[in-house]
Number of protein chains: 2
Amino acid sequence: MLGGGSWATALTKILSENGARVDWWLRSKDDVQHLLRTRHNPRYLSAVQFDLHRVFPTTDLEDAVEEADWLVLAVPAAFVQPVLDKLDRDALKHKRVISAIKGMIPGKNQLVTDYVADRFKLGRHQLGVIAGPCHAEEVALEKQSYLTIGSPDSELALEFCGLLRNRYVRAHPAADLDGIEYCAVMKNIIALTGGVAHGVGYGDNFLAVLVSNAVQEIRRFLQAINPQPRDLSASAYLGDLLVTAYSQFSRNRTFGSMVGRGYSVKSAQLEMNMVAEGYYAVKSIFELNKKLKVHMPITTAAYRVLYEKVSPVVEMELLKDQLR
Amino acid sequence: MLGGGSWATALTKILSENGARVDWWLRSKDDVQHLLRTRHNPRYLSAVQFDLHRVFPTTDLEDAVEEADWLVLAVPAAFVQPVLDKLDRDALKHKRVISAIKGMIPGKNQLVTDYVADRFKLGRHQLGVIAGPCHAEEVALEKQSYLTIGSPDSELALEFCGLLRNRYVRAHPAADLDGIEYCAVMKNIIALTGGVAHGVGYGDNFLAVLVSNAVQEIRRFLQAINPQPRDLSASAYLGDLLVTAYSQFSRNRTFGSMVGRGYSVKSAQLEMNMVAEGYYAVKSIFELNKKLKVHMPITTAAYRVLYEKVSPVVEMELLKDQLR
């Protein structure tokens, strides 16, 4: 498990409580020491107690990776490249890699699984993605949750589902790796734009229309970049979008809402002391779409607000005429 | 305009502010007198002030109907029959009827527009339905909203859209009268079941999965009862479902939540001093489905909790295994 955030913490809980050994790489020495001393992650889901006979926190990346059959990526998208580039190019040769990341490699506009495949010369049968409507906080509370493992390799997907399933987690396999991964990225754009609209003063009626139109926008984009039949009302797509767009706690929504209320992008980021993944996702998807030329009014509006400094009020006025 | 509730009040505001004359039938003499005296509906959206040169509140049904070109139905579904049966069978001969009701005729399991067509011998070109994600409260606040007029007659739909459109209301026509009307009924079942799940203790992860599965359940039902190609991600379907299922103020959700927490159906109804439309919708759709035999796990679960006194905890346990 690579990553020390809430999602990494939740997945480590699920996997280890199912009996798996988890070598857990965290960047922060302090956090690792706290985990070893107290069995709790000091910063995320701190109520969860880990069994240190199964969970082995470490800051030594090579050590964590070396013996593992599976690599689960749960660092922020912006850190994938700096972290993984420390590993030898053949370090993942016989491993299977599951991405739990909801963002793209910045600057490259590349899916995380595509980057990993390129860098480590992995076949697509070695790759998967975890998706599903899943607040990590609710996993910590052991609330019923549903995950989807997307992989072109159905055996890989089924096997990883088996590692996740427990009393409160249902998991099922799906073949559409790329579609699920793109959708997980794009839902943050929608949550962010929903936040902008909220900040400007739009209400629940508008949000419901925005999310409905978002499903259509995501479908058009996926059909252009990776055409294949897919039902976007499956919970890996629509469910994931809903849990994010309707969450009061979503960082993307909060960030968007501050921008909508008139904060500059920079001051919203400073105020939040972090960067919302959706901020980068907007740029990646917008740039990818320059070639595809899909009609994407929501992503375009978000791009213009975040990167071209168009007034959120003006841009939402323009957007509302393109929705129905 | 027939009806004195919040949706009737919001629609009367929109139509009259656009210049239409609205003869407004309300059941309560007191409310009519209050309206005539103060220009405000005492019970719903009380901040809205009406122009009594355009809006004519009355308790005289025949009088309200006689001169009207359009009849807009906005009474609770349970009152459609008792109210309309007071009118002569040819009273609506040359009129066009728009239903704004989100329920079915109790005991008959019939759509409101079907009932009106039968009773008054109207053709389908005289019928339409208003749908869309639209809290009446947000209309009162003039928040941006989107409505869909569903009618097999595109001229009727377009004309009524023209009566609605203003600075904060977008309206567009759609042909799928039946599908839109059934979906407006079924969304209340989903909101109610979401409430039951919430009352039992399920969280946002589960709700997102429930709503995703609901889209598929509604699609299967519509395909069985009225097969035709339709995109359920349009805002008249998905948007309407979202604004209801994610509303903190939904009566259906509140009612379901009380049942989930252990109130009996009767005491929840007494406590709320009203009956949620979804309560009747569950029975109508469940009974209609006895012939169709569509796989409807959510509606079935709601039926068993509300009408067969199965424990909500047990039923949600069973339901969760049928979702994915």
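The backbone N, Cα and C atoms fix where each Cβ goes, glycine too.
Just so you know, TrEMBL annotations never went through curation; they're auto-generated.
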Return the residue out of B:Lys93, B:Lys95, B:Lys102 that TrEMBL annotates for the same substrate site as B:Arg251, B:Asn252.
B:Lys102
Taking the Cα atoms as reference points, how far is B:Asn252 (substrate binding site) from B:Phe79 (NAD(+) binding site) in Å?
18
Among the recorded positions B:Lys102, B:Ala136, B:Lys187, B:Arg251, B:Asn252, which residue has the largest number of other Cβ atoms within 10 Å of its own Cβ?
B:Lys187
List the recorded positions among B:Phe79, B:Lys187, B:Arg251 whose C-alpha is within 10 Å of the C-alpha of B:Lys102 (substrate binding site), in sequence order, or say none.
B:Lys187
Is B:Lys102 (substrate binding site) helix, strand or coil when read with DSSP?
coil
Distance [Cα-Cα, Å, rounded] between B:Ala136 (NAD(+) binding site) and B:Lys187 (active site, proton acceptor):
16
Average the per-residue pLDDT over the domain 'Glycerol-3-phosphate dehydrogenase NAD-dependent N-terminal' (B:1-156) and send me the rounded value.
97
What whole-number distance in angstrom separates the two most remote CA atoms of the NAD(+)-binding residues B:Phe79, B:Ala136, B:Arg251?
20
Recorded substrate binding residues, B:Lys102, B:Arg251, B:Asn252 - maximal Cα separation rounded to whole Å:
13
Where does B:Phe79 (NAD(+) binding site) sit in the DSSP three-state scheme?
helix
